[in-house]
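Positions annotated as signal peptide by TrEMBL: 1-27. Residues or ranges marked as region 'Disordered' in TrEMBL: 24-75. Positions annotated as compositional bias 'Low complexity' by TrEMBL: 31-53. TrEMBL lists 254-381 with the feature domain 'L,D-TPase catalytic'. Taken from TrEMBL, the feature active site, proton donor/acceptor applies to 338. The feature active site, nucleophile is assigned by TrEMBL to 357.
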């Protein structure tokens, strides 16, 4: 589908996956011993002996991740704890070279903690320099490996950052991998609005989730989506691979009410009726879907083919290919607001002759195209068809709020 003014902004956002492996490794060190020495003088009436030095207690360290661990979640925080020793230096860096991972050493030198995230698909080497109670230094070396690229998952969000949309636009996030740990993913996504509205997630599939408030978004508001998905376990060994914050805005409220009883479209801007146009809707065998529909995309010209809705030459309802003018898509299945063909102009305001679309005069279709935008609303009343489903365009508003917010 070809967009008019980039009305549908697919976004690549990103989103990824894991085998979370943590653990500890203890390494005792008994090399810090000193041998007592004694000497005797041959001088008469005199003897001397050297006082024995105290033997240092065995030194050990505990590390996370454990030495040799594989499939480590890069969001895991590496750490070292020393027993019977002071940590004087820790170097953690990719085995292939690169900058060390920064960290913080405790005031008593007993512990070190990394304070930057790890990378995916990386082998890390760690060197820990320890000083025992006798001041003797030893170095311990070990390593681990983070998850492979096959365990990364990303995501794509719509609307994209800085987009301006209608008040009926739900948020949609599509994940590259199925999400089975849905609670963890939802908790990692914080959605706020300047209007103070809160909403709920609704999972269409394991790969796709929507979010909307109870009522339409407030006009002229900003919605911020803060996705802190780096290191989040999606389930099935998959780990999120990014953090990102995106903000989009809504414009004024634009609603078109299409009534099959009157065969008219009434256009309301911010609640005020501004225009009324005659329309033709779907004929009895192709009734127009009812309920709320959301403008998905718009096209000054768009090829229409009967084959796209399952018709073949020779079918009674087949029509010859044509280019529809001023076409605004409402559903994935092919419902549009568009200029009616010349042969259907006489049906406007009188009878239904379309295959489910809202047919209008050239003036009416161009007015809708110029006035409405992605995310704006169309409400269709009194047709014989049911409402648009949630996965056929944006049928979210046709699901009662208690069912939407209460999805198991």
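Just so you know, glycine gets a Cβ as well, placed from its N, Cα and C.
Remember, TrEMBL labels are computer predictions, not curated facts.
Within 10 Å of the C-beta of residue 357 (active site, nucleophile) there are 25 other C-beta atoms, taking all protein chains into account. In sequence order, 302, 324, 325, 326, 327, 328, 357, 358, 359, 360, 365 constitute the residues six or more apart from the residue listed as 'active site, proton donor/acceptor' in its chain with CB-CB distances below 8 Å.
For the domain 'L,D-TPase catalytic' (254-381), DSSP puts the residue distribution at 20 helix, 55 strand, 53 coil.
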